[in-house]
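Below: one structure, written as structure tokens.
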Amino acid sequence: MSSLQRTILKSKLPPTIPGGRIGRADSFKKSRIRDYKPCMWNEFFAEKEDIVVDEQRTFRIYRTKKPEKPGPTLLLLHGGGYSALTWAHFCSEVTSMIHSQCLCIDLRGHGDSKVDDEDDLSADTLSKDIGDLLTKLYPEDMPQIYVVGHSMGGAIAVHFAYMALVPTLIGITVIDVVEGTAMEALASMQSFLRSRPKYFQSIPNAIEWCIRSGQVRNVDSAKVSMPGQIINCTTNQLATNDLPLPDEVLEEAHHTSMFPNAFSISEDEESPAGEEGATGEDFKKPITTKAATDAAKNYTWRIDLAKSEKYWVGWFSGLSDKFLNLRLPKQLLLASIDGLDRTLTVGQMQGRFQMQVLARCGHAVHEDRPHEVAEVISGYLIRNRFAEAAGEFRCHMPSC
């Protein structure tokens, strides 16, 4: 079972205590006082910019500072529903290990990018967006580009490389997306999307949900990535535009949790009609987590992923063959060894790409373990002589 399938199934379980073991008082107490204060983009990136490709398309990008020595540009593509800020901690880690610059893009319909047709999320359209954006950014001297993509972004990275839209592409890393397991998970995707809360009372509440639901296991990463996934219901602007939050908002959020009790199980409301004792004057209708969440409709999701269902098959169909047929150095990072399909299993045995499995992490591998992912990708770039080590970073041989 792939990590994506496990994430979908886990959405039906009651909320857990992040970072602690049930039964230990100190762990329980620590989880009660966890800080969910959101972080700003400028703690991780040197600049952000809105790039106008044409009259219909404007894309938000984030870049780290230029390297001290010549190095590649890492083009980072986020997964469906995420934003460029999902790469924040990874960028800090990888640029400290190798001489390189990170370029993170809010894809069409995500983050702060603005296009006329946000519903067109086909693989060809997204790939063309990336190619046109790079041409606009580097009209004359395009640097060496190494593309890294997670989930949907990994599928788009393969399509982008397969279409050969830029001449300086030197390699690709795909994170936790495989055709076989992705196609199997699509059957449960709508159920998974319906299980998510539609609204959040505040940005810290959204970060808390992100951690307790298991979408991201690294609270520091969730603090910067989650605001890029939701919008303010009043202004219709991305939640990052509301940062930094006033002290009174943070104080209120600290005392208002989406999960009043760490061990509580949210249940569907039942009609009291016809039940003994249910119609008495002393009866009080229980307030469930879902009801409490929907009552405070301050923030909601930036993109309605359910509407993109018609493009899902196009993202992943034929992905394994396209990946193997790329005439580029290729790397695949997985959260589970069970994630390989038959085509990639054969390809891996033939040595057609490098595979690395990172344990103890969820589907958002690069958010849960940014340091380890940065180490793996940095080592791969150094071994292929695409980049030079920065500082005292030591390149390790790959292993499963």
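Cβ coordinates are placed from backbone N, Cα and C, and glycine is handled just like the others.
The structure displayed is predicted, hence computed values, not measured ones.
Over in TrEMBL, the protein carries these features:
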DOMAIN    74-376  domain 'AB hydrolase-1'
ACT_SITE  Ser151  active site
ACT_SITE  Asp176  active site
ACT_SITE  His363  active site
If I take every residue in the domain 'AB hydrolase-1' (74-376) and average their pLDDT values, what number comes out?
89
Can you give me the Cα-Cα distance between His363 (active site) and Ser151 (active site) in Å, rounded to a whole number?
8
Within 10 Å of the Cβ of His363 (active site), how many other Cβ atoms can you find? Include all protein chains, please.
25
Cβ atoms near Asp176 (active site) (within 10 Å, other residues, all chains):
26
What is the total of other Cβ atoms whose distance to the Cβ of Ser151 (active site) is within 10 Å?
25
At the Cα level, what's the spacing in Å between Asp176 (active site) and Ser151 (active site), rounded?
6
